[in-house]
Amino acid sequence: MEGKVSFLPATASAYAGEMNWLFAGLIATSVFILLLVFGLMIVFCVRYRKGSGADRGDRMKKTWRVEVAWTAATFVLFMGLYAWGANLYIELHRPPLDATDIHVVGKQWMWKVEHPGGQKEIDALHVPVGRPVRLVLSSEDVIHDFAIPAFRIRQDAVPGRYETLWFTPTEVGDYRLFCAEFCGTDHARMGGTVTVMEPGDFQRWLDEQGSTESLAQEGAALFRQFGCSGCHGAASTVHAPPLEGLFGRPVPLASGETAMADDRYIRDSILMPRAQVAAGYPPIMPSFAGQIGEDELLKIVAYIKSLGTKERPAR
Ligand code: HEC
Ligand SMILES: [Cu+2]
């Protein structure tokens, strides 16, 4: 890239390829409309210039057919572009089931990344080529925006909630990573490098990071430290729901509604227990808002997720 001005950034993910087509489609449509309108303007200017002998009679004759035809044609054309774009946008938020979860926490002014095995990095993201990756984004302070132009992805990291998006890198190499939302003094320096590696190299890189505890193991320790196990543990005398097998299942709520137990639901259960109370249980769980940091939350969520594979005991 150095010293070279290019029209598009590198195309390094499956999604980026599709975005290029959409971009080309938008440009082609705009050029087509531009040429049509300006072409007609020039033709009419020449034909009806002062002193030309063109026929200027019958000016009041209306042809609604032409009117309806061009209105319908442009409507269909632009709705087609809309459907195309919306489809790509929805796809960005529907990760395949085998995607690896990587957590990213935005903070003034850095990106903190945690891999499922507990490996941590700052302002850097290592991913294997050809494998789907799902990012779970959160923020510790203000709104940041995680952007990788070479993958054509960008998503706000909003304090107080999880945002997800996914991608499959297709080209080995280093790419720039940015914060794309003005977030304070050092916003311009909040960025880093995404390194796409061969799966073998990536595995070696993970191993080299030292024997860290996995996110779920660290979460298990926090689960005891914050006293969650006192109510949710098997030996507890408090009437609280067991969390084994919770992840990914529909949960009946006291309000009569049903919620899906995903990252967001578990996070909200910890910070705002009153918002969605599990049916059949007293709303006695205290809120942990302000006590548990984003880093710790995602570990606890990873731990609860890891309980998901076990058989769910009868409630
Ligand atoms: C004082 C006892 C108590 C403590 C301490 C407690 N919980 Fe709870 N928790 C409950 C009860 C009771 C419910 C069910 C009612 C509700 O949804 O609020 C619940 C619900 C939940 C749910 C939703 C479960 C479902 O089936 O929908 C999750 C997840 C959860 N707690 C996680 C935690 C975590 C993590 C901690 C520690 C940070 C924690 N709880 C601490 C009592 C407790
Ligand atoms: Cu930022």
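Residue 1 is the first one shown; counting continues down the chain.
Glycine is treated like the rest: Cβ placed from N, Cα and C.
Over in TrEMBL, the protein carries these features:
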type	residues	note
TRANSMEM	20-46	transmembrane segment
TRANSMEM	67-85	transmembrane segment
DOMAIN	97-208	domain 'Cytochrome oxidase subunit II copper A binding'
DOMAIN	214-308	domain 'Cytochrome c'
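When Cβ-Cβ distances below 8 Å are used as the criterion, the transmembrane segment (20-46) is approached by residues 8, 11, 52, 74, 77-78, 81, 84-85, 88, 152 of the same chain, each at least six residues removed from its ends. When pLDDT is averaged over the domain 'Cytochrome c' (214-308), the result is 87. Helix, strand and coil residue tallies for the domain 'Cytochrome oxidase subunit II copper A binding' (97-208), in that order: 16 helix, 59 strand, 37 coil [DSSP]. With DSSP states grouped into helix (H, G, I), strand (E, B) and coil, the domain 'Cytochrome c' (214-308) comes out at 40 helix, 8 strand, 47 coil.
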